Amino acid sequence: MSIEKVSILGKESIHVGYGIQSHIVEETIKCLASSTYVIISDTNMSKTPTYEKLQDSFQKELAKQRPQSRLLTYLIPPGENHKNRETKAEVEDFLLQQGCTRDTVILAVGGGVIGDMIGFVAATFMRGVRVVQVPTTLLSMVDSSVGGKTAIDTELGKNFIGAFHQPEFVFCDVSFLQTLPKRQLINGMAEVVKTAAIWDETEFTRLEGFAKRFLAEISAPTPNLESIKDELIKTVLGSVRVKAFVVSADEKEGGLRNLLNFGHTIGHAIEAILTPEALHGECVSIGMIKEAELSRYLGILPPSAVARLSKCLAAYGLPISVDEKIFSKIIGAKKNNLKIDSLIKKMLIDKKNDGSKIRCVLLESIGKCYESKAHQIFKEDIQVVMTDEVFVHPFANRHPESVSITPPGSKSISNRALILAALGEGTTRIKNLLHSDDTKHMLDAVVLMKGATVSFEDSGDTVVVQGHGGKLFACKEEIYLGNAGTASRFLTAVAALVNSTQDEKSVTLTGNARMQERPIAALVDALTTNGSKVDYLNKQGSLPLKIEAGNGFKGGRIELAATTSSQYVSAILMCAPYAEKEVTLSLVGGKPISQLYIDMTIAMMKDFGVDVTKSETEEYTYHIPKAVYQNPQEYVVESDASSATYPLAFAALTNSSCTIPNIGSSSLQGDARFAVDVLKPMGCTVEQTSKSTTVTGPPIGTLKALPEIDMEPMTDAFLTASVVAAVSQGTTTISGIANQRVKECNRIKAMVDELAKFGVSADETEDGISIHGVQLKDLKTPGGRGVKTYDDHRVAMSFSLLAGLCKDPVLIQERSTTGKTWPGWWDVLHSKFNAKLEGHEYIRQRSGSLRNGDRSIVIIGMRAAGKTTLSRWLAEHLNFKLLDLDQYLEKKLAVDIKLLVKEKGWDYFREKETEVLNECLEKFGKGHILATGGGIVEGEKPREALKNYTKSGGIVLHLHRDLKETVNFLSKDPTRPAYSDDIEEVWKRREKWYHECSNYHFYSTHCTSEAEFANLKLVFAKFVSKITGDDTFVLPATRSTFVTLTYPDLRKVPSLIKDVSETSNAVELRVDLLANQETAYIAEQIGLLRSVATDLPILYTVRTKSQCGQYPDEDEEGMRKLLMFGLKMGVDIIDLQLISSPSTIAEVISKRGHTKIIASHHDFTGDLKWDNVEWKNKYAQGVSIDADFVKLVGMAKTFDDNLLLENFRRQNTEKPLIGINMGPQGKLSRVLNKVLTPVTHELITDKPIGVGQLSLKEINQALFQIGGLLEKEFWVVGFPVSHSRSPALHNAAYAALGLPYKFDIFETDDAEKVYTQLMQKPTFGGLAVTIPLKLDIKKYCTELSESAKLIGAVNTVTPIADGRKGFLGDNTDWIGIANSFKKADFALASGVTNGLVVGGGGTSRAAIFALHSLGCQKIYLLNRTESKLQDLVDSFPDYDLEILLEKNASSVSIGLVVSCVPGDKALDETLMKKLDGVLSNNKGDKQTRPLLLEAAYKPRVTPIMELAKEKYDWTVIPGVEMLVNQGEAQFKLHTGYTAPYKVIHSAVLNE
């Protein structure tokens, strides 16, 4: 057994080896005499063979060596969330109960959680007992176990309470690592890499070489760490020795020890937010990169060192960005919580800080820290590094007069050098290689295909490539290239040379979304013509590509169009020496694009030993011999000439000087001519030698435009030229840059669009751009979201220059895109040019949470699904124009569709239909309802267009109804072209397409009567308001409830649904309890529920068996689909179980649209008490995924469980909590819960037994009994009021809901009496105000609602904050009028309706307000005394009011009438004559159904009602309906509850 010992604080107490359990036992018992030894571990570790062996060995050895001593064991739950005060106290209580004394020795066997917390127990128990650390994870071996730092976590951060307490021994048994999962092993490597990065470059280099073997071994199906145990021991020792040395020099972290916190300032802040999903090492890895970038930003660390650190961490499988795909999946929706303000708050309370000053370790090079101490860092600098958007402040006069800048290596040369070196034989040292995203992808690809071995020297500045002579092999992994265009083209050709292996027969190249749009077809065609087999895996002509291995490169004559990209030409040139036959490459069809880059490739091939000869007989033709590249010993990459244009342009724009010391006239790069050919003619002074270039800008404002310049030799530099031209005098026209339209973006269009934001106009030309320069003083500061960079590095860098010339800071989006060619550009701008930068965090709104506004809505669905009718309703509701795409097509082609199909067939029709769809989406993108034909989804192209529309935030609404009804309808309709297939078969074929092409779905219930159609229109309008964001669920300020429906089929209980749900704030549909979970059935059930409970929000729940439901837990995919279908149905609230997979949670959260989310967790075992940390974790999880509510349900086994829950509720207030206990003993929790309490109803007979459900009435009664509800008094006031039905209405509702309230009569005409005798009472609850007090009471109201102000009368008074802040005067008369019309099927009225108000009194004002709210375009007024009407017209200047004259009475169109004249008095003859004319002219029929509401409720039938109904067949609404409806609204204002409508209606009618 080999054991390495490391000294710390003068004692060899750290022992490292493999399989040293017996040594641990012997050494502990021999050296640490004690009466009691206590092994403390966690429940996971205790199940491992290594732990069991350790415990057994200890027991046996102790019996031999110290038989009088005893061994105790204690296990705690695993995980960081148990590293807290509570768990520490439990351990201490155990030790005390066992009679442990000060001679106790504790062995902490476990990872960092055990080591930290048990070390802290040892530090404080009996004022300090001895502790032995036995770390069992790689992370704890190299980090937490060494150095004596012990601690527990608090809510404010990690390790905030602890002590320095040195262990007697630290035993690092590497064999323990065999028990760890892969992710935990990788997690530990972060601290290993960190230690080498701050202290030992030699060890760092060893780690770079070990990464591949390490990852391969731990990724094996059955890992065997013994095969790499020597390397693992070296790895642990390397870190432990550094830490031991540092701790010995600075035990209490006074200075030097702070260096060990590299990566932790930012890493700990990230971890505090992402724990427990993200592991410590993962967060520290990301922290290291961010702190390295901070060092680079401050001008301390070279870019190559950042690149090297990134590559090393990534090689071990560690995340280097929170945006990495796998890491993002792990942390799920918690990623949304990584706000810069939150992170900085966490950093501000870091233990390393000096007061409130943030301190951070800065890296100077790999293996060395800057000044060997932590430094104070400004929040502003951290903000720049941590955000991907930046404000560039005005350059003003902060910049230096002259500066020398060395840009990174040329991207073009770097990529070519890597390809040539990988294909070559021998070892070459490449210096000044560009360390960027592009070259990183290239290096990774070369290594994956085994084309070369890559290592680093000179702190990463030198890349050592050992080429394998063109021997490349297929690999299992996809080769991901991001948006690296150069790499994709070169590697496509290289992949054609790849050999197959026994297991792998192909290579797959892929990239990001933009890369998958960029063209590569011309190169692929050339390769396939030459024998390669290449398949497009997605879009034809773009990546991803699958290239079959083993076909090789045939060679011979290859022709490429001269107009093709020079990168295609270079790709074939570089691979040509490895063809089976010598290659002749001919560029045909004119002068080649970017000839200079072709010349560059040929020159570089010569540097690597292959001479390309130009044909003497054919123009633009090259002969390439068969050969193997011979790698030169050293190759120095020239700085990137395209990148050099930015600092040179800075000098031009700011009247300063800039020198590029390593690019001159001898450069191979076309862009090296930028200074001489572009900046010099614009007025700059240019000095250029063969190796250097210096530019001095003219006085500010004197740059001259270039009337015409051909930039074909330096196309990438046109963007830089454009921003200089923007502030030059005159118009600059650039040509020869057509290829820039197919780069990272359409750069010419991007330049035109973004220049416009600066007030600079520019025009696209056939092969270029014209820019009309402006005076500097006329340059505008872009507003809103600033400059869009299109994920294009050159767009970002170019506009960073123009931004600094504006008067105010300019926002640049996606600044990290510069990583493609110049990762440190912003650092140079900041540290070399002294530009002030300010990091900006863009808080993205929830996906779909923006209101739809005027964006057009597309309708799809089967023929006869109701698209025509519902589309018309939709257009009316949104005030959009309706465009039927079939009619548009008929008009465009001047032919009937039925005839078109008959003559030219369905295929032709589908083709034209697709053209029309694309045209209409482009042309009518705003303010339209685009109704499509049923078969629009038949073609792939229209499906793609519809899906893209939803991805861009547009609404595609799928309308559907019962299929049998559709079949019945179509079989009777001869006007439509006949289906060639059975209708049901057509539906089966299309169903999946409708679902994938739409983001919303509406199911129309079958209607057989006008009332049902009216209700459907109302339901549909509410649905549309929800999905467009105009009417979303808002939690009431008062107590709220939802009623649960557990019926398998709602069709059997429609009337019951309305009665049991109307007093709740939402209704829960338990999807898991439905008869089946087919989406068609669920849609039908939701359609029915909406038609019955019209006004109630729907809570959509799929509960699994483990969460007290019926849905199978194992069907995760089925659950995901059901949840996504709920979102598609536009439900108001969705229940999302916290036990769902992170991917399901993330998808639901990201696609929630306007639906609110309840994050739920149920424990029906009762094992989890409310003081258990697991509940806190579940609540925190709900908060972290940004749910709107968190619902936690326990099981009460004792009455005290309710009190524990209330304590939990008080402590957790970040999100509204629905917290209840199930069971009979949990009823109190339902009474005390205020937010969306689940309730049952007296009418529900089959209630679940033993759950403890209560009705709303029972909750209120119990709440009153325990003092949660107090008695209140309400009155109707006025004169006369003795016959008022208000007391009957309100008291009936109080009784139904169990409210301890009383409503009475107070008859008076004196408002002061009301105020002094009623409103001042402590039990005052509110008033119903009638004549003559509706005006007088206003002076006693502190506030008036908008309706009360406009109507000018108050009929409802409620106290504000129990009267302490005064009283609110409101008016519900208008609601009574409006709701009476709505309940009388007003929704069926088509188009805009005009209204008429009869009378000129106070109620008339409420009637006008109501009719306006219903959308009446014009409101006519009719009264015996016309002077009163003029007052009304003057009071509502914004409403279109018109006094109805006798001559017009018989001709105006009117659909709604409100009679506001006394019902018990004879009417004026003139008035009756006018009214008779109106009623006669607008007689009722099936289409119009005009409505008349009588405001007077005595007598029951008034003369006006009789006239309208009997003589002219108008639908009349008696006054009692208005009384009930306004009383219902009044009740809601008084109590916060919805009154049971049947109850109050009966109470009013039963006199």
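Placement of Cβ uses the backbone N, Cα and C atoms for every residue, glycine included.
Between the candidates Glu191, Glu201, Glu203, Glu364, Swiss-Prot assigns the Zn(2+) site shared with His264, His280 to Glu191. As a whole-number mean, the pLDDT of the region 'Shikimate dehydrogenase' (1271-1551) in this prediction is 90. In this structure, the C-alpha atom of Ala864 (ATP binding site) lies 42 angstrom from that of Lys1191 (active site, schiff-base intermediate with substrate). Note on Lys1191 (active site, schiff-base intermediate with substrate): other Cβ atoms within 10 Å of its Cβ, all shown chains, come to 26. Note on Glu80 (NAD(+) binding site): other Cβ atoms within 10 Å of its Cβ, all shown chains, come to 18.
Of all the Cβ atoms in the protein chains shown, 26 others lie within 10 Å of the Cβ of Ala865 (ATP binding site). If you compare Cα positions, Val113 (NAD(+) binding site) sits closest to Lys1191 out of the recorded positions Lys867, Thr868, Lys1191. Under a cutoff of 8 A between CB atoms, and with a sequence separation of 6+ in the same chain, the neighbours of Thr137 (NAD(+) binding site) are Gly110, Gly111, Gly112, Phe176, Leu177, Leu180, Gln184, Asn187, Gly188.
Most Cβ pairs within less than 8 Å of the region 'Shikimate kinase' (854-1044), among stretches 1-379, 392-835, 1271-1551, belong to 1271-1551.
Neighbour counts were taken as the number of other C-beta atoms within 10 angstroms of each residue's C-beta; across the binding-site residues Lys83, Arg863, Lys867, the minimum falls on Arg863. With respect to their backbone Cα atoms, Lys83 (NAD(+) binding site) and Arg863 (ATP binding site) stand 62 Å from each other. The DSSP secondary structure for Met862 (ATP binding site) is coil. The CA atom of Lys1191 (active site, schiff-base intermediate with substrate) is located 39 Å away from the CA atom of Met862 (ATP binding site). For the pair Lys867 (ATP binding site) and Glu80 (NAD(+) binding site), the Cα-Cα distance reads 55 Å. In the three-state DSSP classification, Lys1191 (active site, schiff-base intermediate with substrate) falls within a strand.
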